[in-house]
Amino acid sequence: MSQGHGKYDFYIGLGLAMSSSIFIGGSFILKKKGLLRLARKGSTRAGQGGHAYLKEWLWWAGLLSMGAGEVANFAAYAFAPATLVTPLGALSVLVSAILSSYFLNERLNLHGKIGCLLSILGSTVMVIHAPKEEEIETLNEMSHKLGDPGFVVFATLVVIVSLILIFVVGPRHGQTNILVYITICSVIGAVSVSCAKGLGIAIKELFAGKPVLQHPLTWILLLSLIVCVSTQINYLNRALDIFNTSIVTPIYYVFFTTSVITCSAILFKEWQDMPVDDVIGTLSGFFTIIVGIFLLHAFKDVSFSLSSLPVSFRKDEKAVNGSLSSMYEVLNNNEESLTCGIEQHTAENISRRNGNLTAF
């Protein structure tokens, strides 16, 4: 792959990844509104295993929006490294957070806005330092990578962990612990990204006139992708139905991105030939995104905005002045009471003495 062609593919993948984030961020809002409408109608909720959302057009609109985003995301993996494409999902967090504040009445405070800004800055840093060229260009190379012992161990662990979460942990703690369903989506999502990457390579070879449809790996990747995406949709719906959208979206991003970067490092070894400064820059960008996501999530219930900064200061100042005034009044009252008591006591003693003298 020539350097010019590699950069051209890089920017195509970048544009597709950004458009994907916009579609996916909007899909969370549409699907959540559909689920809320069903809840008001008294239908069995998705978090309780219900599937009434299949009759709700808003949910289908959200699904189509997510589908468009996933198609763009799928295409992006064919042109750019997973280390670049996946972290740009932070834009979907930004889109979802802003739209949820307008359409779902989920407030976005100052901490959330700073978190969104940090997510964008972190994504920018990752784009700058991400690897610009792909090293896998054929299905045969992909097949060789999938047979690597490191990836086989990773895939086996993903399957085991997913089965335990789905059949053991999920029924017990899925309704109360947000991490259960999101972890299922994330670890399975790492495998789906690998499948999407392989299918993207297959499609590029198909347009080049190669007989990829006769390659067994093409159909294995397609079947695996369908199973993984179906599972992701199911458990993501449950998480969205039970928990706040502004919580689900950022946590899902962090878990999903971490899983994909780990899978990409094991399978594609994209980090192997990266300079040290690019590795440090990529990790710094990713941790910056995590800090932004934390601010967006941890302080979501705090009613705090930029305009409230001087107001709160004035309130504190008034409170201090008020407490000092109250203390001063109490001291004055006590002093007056003490003075009155002494005077009254003195008067009584004088009157008693006068009475005694009169008796004599």
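Note that Cβ sites are derived from N, Cα and C of the backbone, with glycine treated the same way.
Note that the structure is predicted; figures quoted are calculated from it, not measured.
With respect to the membrane, Swiss-Prot annotates GLU56 and SER303 as residing on a common side. Proximity of the transmembrane segment (150-170) to the transmembrane segment (247-267) is established through 3 or more Cβ-Cβ distances under 8 Å for residue pairs spaced 6 or more apart. In summary, the transmembrane segment (108-128) lies against the transmembrane segment (79-99): three or more C-beta pairs, each 6 or more positions apart in sequence, are under 8 Å. Sequence-remote contacts of a segment are chain residues at least 6 beyond its ends whose Cβ falls under 8 Å from one of its Cβ atoms, and for the topological domain 'Extracellular' (129-149) they are 1, 3, 6-7, 9-10, 80-81, 83-84, 194, 197-198, 201-202, 204-205, 212, 215, 217-218, 266-270, 273-274, 277-282, 285.
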